[in-house]
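Worksheet: the structure to be examined is printed underneath.
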Amino acid sequence: MTSYKALGLVNTKDLFAKAVKGGYAIPAYNFNNLEQLQAIIQACVETRSPVILQVSSGARKYANATLLRNMARGAVEYAHELGVDIPIVLHLDHGDSLELCIDCIESGFSSVMIDGSALPYDENVALSRKVCEYAHARADYVTVEGELGVLAGVEDDVVAEKSHYTMPDEVEDFVKKTGVDSLAISIGTSHGRAKFTPEQCTRNADGVLIPPPLRFDILAEIEKRIPGFPIVLHGASSVPVEYVREVERYGGNLPDSVGIPEEQLRKAAKSAVCKVNIDSDGRLAMTAAIRRVLTTKVDEFDPRKYLGPARDELKKLYMHKNKEVLGSAGRA
């Protein structure tokens with residue numbers, strides 16, 4: 001059994017309180033390998049941003065729980081080596097059972113998400129409450145994220161064909177009965193790189209898909225019901241057109257790719273939304289760089305020669321997110 005404090009990690013309690021008050025959001029970047037972790041820490045150190053290292057159950061299986069725990073410890077030491085002790089959270093993304101959440105907590109996670117959003121309301125409440133009871137009883141308080149509403153799309157093992165918006169009249173009851181520390185809501189974001197169908201979008205003069213706007217009216221109503229409570233946005237990648245085109249230029253095929261416009265994320269970050277999840281953008285940035293290297297240098301076979309540029313592109317992207325989108329730069 002490992003305490004997250006022994007790894008140098010923090011939970012989200014104070015970070016979220018400061019973010020809500022300060023009108024910015026903390027980045028939650030998914031990772032499952034060394035290069036992704038290097039890019040995240042470098043970007044957040046250089047922008048002086050707190051960060052949530054986010055791991056899905058699939059990523060945890062891929063990376064191995066023991067290696068992952070030590071990667072998190074290494075991330076803290078690496079940031080210190082780079083000269084800035086930024087706050088770092090290790091968070092389970094989309095935990096689907098009490099057992100998984102307990103396993104992650106006991107292996108050093110400082111925050112977990114229990115996703116019972118696909119369950120009937122009462123079952124979601126009961127499951128989320130059990131996770132909170134365990135996490136909050138620890139000597140080192142572990143924070144818990146719950147979810148109301150369902151996001152469409154695919155993210156590792158999480159699959160949903162249709163979105164179901166969060167119902168504002170449920171949030172106060174849910175938060176009170178479960179004891180969750182933050183709440184993921186559904187206001188129009190989706191998982192994956194094709195967040196909307198072409199039929200849901202319009203097109204600009206260049207033929208680029210323009211998605212429908214987020215439901216800020218739902219967010220505003222939720223904020224009225226639970227003022228100051230930390231809100232989380234999943235599926236918040238912007239799916240930059242330049243990365244999609246780069247992937248396709250070098251042999252990929254990513255039809256109908258569309259994400260959440262950054263101006264809408266900026267607006268959300270100034271509200272009670274204090275955690276914004278970004279995964280697909282990172283995948284696109286790395287894949288574009290890797291395809292470019294392997295296509296233009298056909299004799300290259302040293303992984304460092306294509307994973308290095310992928311890491312550098314990811315760092316560049318995340319520095320932009322921290323500084324220009326989420327407002328987390330300078331908040332460490």
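The backbone N, Cα and C atoms fix where each Cβ goes, glycine too.
Positions annotated as D-glyceraldehyde 3-phosphate binding site by Swiss-Prot, on the basis of similarity to another entry: Ser56.
If you look up Swiss-Prot, you'll see Asp93 marked as active site, proton donor. Cβ-based neighbour count (10 Å, all protein chains) for Asp93 (active site, proton donor) stands at 26.
The feature Zn(2+) 1 binding site is assigned by Swiss-Prot to His94, His191, His234. His94 (Zn(2+) 1 binding site) falls within a strand segment according to DSSP. Neighbour count (other Cβ atoms within 10 Å of the Cβ, all protein chains): 25 for His94 (Zn(2+) 1 binding site).
According to Swiss-Prot, the Zn(2+) 2 binding site annotation covers Asp115, Glu147. Its Cβ placed at the centre, Glu147 (Zn(2+) 2 binding site) has 25 other Cβ atoms within 10 Å.
Among the features that Swiss-Prot reports, dihydroxyacetone phosphate binding site is placed at Gly192, Gly235, Ala236, Ser237, Asn277, Ile278, Asp279, Ser280, with the record citing similarity to another entry. Asn277 (dihydroxyacetone phosphate binding site) falls within a strand segment according to DSSP. For Asn277 (dihydroxyacetone phosphate binding site), the same-chain residues that are 6 or more apart in sequence and have a Cβ closer than 8 Å to its Cβ are Ala28, Asn30, Gln54, Asp93, Val232, Leu233, His234, Gly235, Ala236.
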Sequence-ordered binding-site residues within 10 Å (Cα) of Asp115 (Zn(2+) 2 binding site), taken from Ser56, His191, Ile278, Ser280, are none
Winner by Cβ contact number (other Cβ atoms within 10 Å) across the binding-site residues His191, His234
His234
Between Asp279 (dihydroxyacetone phosphate binding site) and His191 (Zn(2+) 1 binding site), how many Å separate their Cα atoms?
9
Max Cα distance spanning Gly192, Gly235, Ala236, Ser237, Asn277, Ile278, Asp279, Ser280 (dihydroxyacetone phosphate binders), Å?
12
Would you pick out, from the binding-site residues Ala236, Ile278, the residue whose Cβ has the largest number of other Cβ atoms within 10 Å?
Ala236
